[in-house]
Amino acid sequence: MSEGTLYDKVWDRHRVTTLPNGQDQLFIGLHLIHEVTSPQAFGMLRERGLELARPDLTHATVDHIVPTDDRDRPFENDAAEEMYAELERNLEGTNIDFDDPSSGNQGIVHVIGPEQGITQPGKTIVCGDSHTSTHGAFGALAFGIGTSQIRDVFATQTVAMEKKKVRKIEVTGELGEDVTAKDVILTIIRRLGTDGGVGYVYEYAGEAIESLGMEGRMSICNMSIEGGARAGYVNPDETTYAWLRETDEFADDPERFEELKPYWESVRSDPDAEYDDVVTIDGSAIEPVVTWGTTPGQGIGISEEIPEPESLPEDKRETARRAQKHMGVEPGETMAGYDIDVAFLGSCTNARLSDLRAGAEIVKSRQVDDSVRAMVVPGSQRVKTAAEREGLDEVFTEAGFEWRNPGCSMCLGMNDDQLVGDEACASSSNRNFVGRQGSKEGRTVLMSPRMVAAAAITGEVTDVRDLPKAEVKA
Amino acid sequence: MSDETEIPSVTRVAGSGVPIRGNDIDTDQIIPARFLKVITFDGLGEFAFFDQRFDDEDNPKDHPFNEERFQDANVLVVNANFGCGSSREHAPQALKRWGIDAIVGESFAEIFAGNCLALGIPTVTADTEAIETLQDWIDENPGSEIGIDVAAETVVYDDETIDAEVDEAQRKALVDGIWDTTALMKSNATAIEATAESLPYIDDPSLRAGEADD
């Protein structure tokens, strides 16, 4: 059993009681909601005549179904319009903060929480979305929940959960040139498996993690769930505090910041904390990673060969064979040179300002290959505005990218941004499952924003280190 | 207020099986995202495994959920890491509405298993060999009875008894009929408030009420 970790401390501070079934009842500090997983929960609440317990700790936005081009209401897509209108109806008269597109604060739920400063160390944060683990980057305990649990949080501001084990993942050394947080997390998932984290919460530590900015840490924590871990976190430090100081919550209220900081410091894992498991990964050995298959665990370095299914553990072989058939790749080849039709720079994994800057650095003064449809979908309206202030929109559009409005977009193809037929997509998103991007024959290759940008330019999966960079920042 | 909903205990599930083979079957396969554009879970059953069951022209493909002999099945038998991916409760909701009352498998993704529990669907685990043998047996004996004893953690079929496992909290919740947590947790209102008050970052809701209309 772990002891003295951030997970243990935050858990203990939020534990209301132990329920008769042995689960703990945990108080929730922030409940984020969106249009896809909340309507049924609001419905259940009404059915039982229950009230919202803490609307003041609930925060809403729209991201999954919103169009990223024409956003005039009513939306062209009837189902999308109905879901949006249902959320509006459910929020009416509740005092729940709602970041709709007219607010200028709308965006992917896992982008807006951190940028507004409501994501904080030592908070428990839930949302009906598995990528809620993202918020762990700030030292919050954050995890995705199902609709029945959303109902529980609505009615009681608590969830019933079992405590998990804690695995510390220490990434040592310095990351190489063009090696990003995305490459680190894809390496971790490859090494520990897509189910390696089941029953665990991941604590990310070590020099390579600590030297990342908050946005990189978010990319790592975001994909904890792809490794099977429902939550992942990084201990809060000066990087975390520097970010928080600039947010809405604290920019004008430095006293509040100083008031809370001792609590944030107190939840950091103790130097002598005990872990259920510790894994060490050499960060300096990681190269840009791309996936060759249809699970996020099927990743390889850009110069590595696609594995023979027979060389894999027995339980991974059949999945690998199916994946190679779907992707049309052969063992022994590398992924470099794999033709792509679409480049997608977006999603809650990689659509923050630093991700857009990284992509822009690659595409500046270049042209998207004729065979490629390329789009940038900023993570939030604020990210979009900040990027436009730096002129990144022009860099992208001049190169031939579409510059869209914020939303989940082609990460899961719930709006009109979808792959068609067997199109192959170089994607900065988080899941390469068959059908994920809207077409069941579609092929997704996961990679970092830099690698997406490089693939857009050449029309094929490309080692970004082979392309010279341009200076874009003013 | 009607939070005194009667919660049935789930100690046994009996019925016939349907095998879905393969590791890492994700929630996008169980219910593709385009079917999530709904505001109720009603009617999701027909979309379970849709892309595995139908081609682009909506013609049925080979899939156990399309087979006549499995139409009355209520016990789904799967392999490893079933339900990985998103937190969408639409996945177990679709399976439930198709007719599934219990799932037996090698292992389950956590959020998926939790979502199943919230619907009173047991997720029972057993080792690889036991699962594969059971899947083969179902294929050869469609419609034949399988009995899951949640309390005793066994799966019984033919004259075999699988020594299975049900996560302890899940077992207790199902057997004691306390898997619907809303009413249970709501009754701890005083303790909830005390926990909230002890947290430095939580404002007193009575103070917040005054500024709610800003």
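Using N, Cα and C of the backbone, Cβ positions are placed for all residues, glycine too.
Annotated [4Fe-4S] cluster binding site per TrEMBL: A:C348, A:C408, A:C411, in sequence order. Under DSSP, A:C348 ([4Fe-4S] cluster binding site) is assigned to coil, being neither helix nor strand in the three-state scheme.
According to TrEMBL, the feature region 'Disordered' maps to A:292-320. Assigned with DSSP, the residues of the region 'Disordered' (A:292-320) fall into helix, strand and coil as follows: 10 helix, 3 strand, 16 coil.
Taking Cβ-Cβ distances under 8 Å and a sequence gap of 6 or more within the same chain, the neighbours of A:C411 ([4Fe-4S] cluster binding site) are A:F344, A:G346, A:S347, A:C348, A:T349, A:S427, A:S429, A:N430, A:R431, A:R436, A:Q437. With the fewest other C-beta atoms within 10 Å around its C-beta, A:C348 stands out among the binding-site residues A:C348, A:C408.
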